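Take a look at the structure set out below.
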């Protein structure tokens, strides 16, 4: 159906979503439809400069599902952000301690630009573990994206990500548009309706080792390419680990490449996204060839949350 906006203020990204055709309605109008909306939390760990883009990318898909959604933007209680980020969080996000009292049906945890740090050295690591642990016991399904997926697999299964390297030992980045094989679309509610080959962007310097995932009976690889795993189902859908970026807009990889090419980063040695720039022309980024599959994936996830959550968020999760 739509995203429900209450009387409180929302980030500018929601006005952009409205202009993109995502249906938004008031809380008062939603009450007349006589259904309980899903409360979907969003823990946004991306840098301040792309917070708005990240909000738009995820809620474009979540908001276009055929169910009412209340977006709950979540901030850590203790981690002290930069002034600009703190201003945004204070205006539009709720503290995690408040979210715990109110409850959630589903939760999305974004990626973060923190691959060069050990997990334990991340300033908010303790709070991340607290959120993930609480969600495992109290949320119908949690979708972890990129770094968030790496971090959650470390918390729950002690799986260490591995750095990608070139033959000469230098760091390698998996970036670009990759083809992923779907072994069986009916293997999981998350993959029903997906094509046999799924295109999806990737952008990461380290990845989830397949050899470690297959050792865990609770984990199942649903989509992968020769270069990297894209999608892992955990505990029959209670956790979803997305290493790729199906939420990306068409120009997201171009923007990342431009940042990587800056003198303070990698300059001319910045890795170019694979199969993205048409004919190698940096002015011609790829059209969005993965959106249709992303729509199916996110709709499937929201439907799974709807099917498995409890009407009363204070009650135990349904099996």
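Using the three backbone atoms N, Cα and C, a Cβ is placed for every residue, glycine included.
In TrEMBL, the substrate site is described by 173, 259, and among 141, 145, 203, 286 the residue recorded at this site is 203.
Put simply, the two farthest-apart Cα atoms among 173, 203, 259, the recorded binders of substrate, are 14 Å from each other. Between the listed recorded positions, namely 173, 245, 259, the fewest other CB atoms within 10 angstroms of a CB are found at 259.
Less than 8 angstroms from the CB of residue 247 (active site) sit 57, 58, 60, 61, 145, 294, 298, each of them six or more residues away in the same chain.
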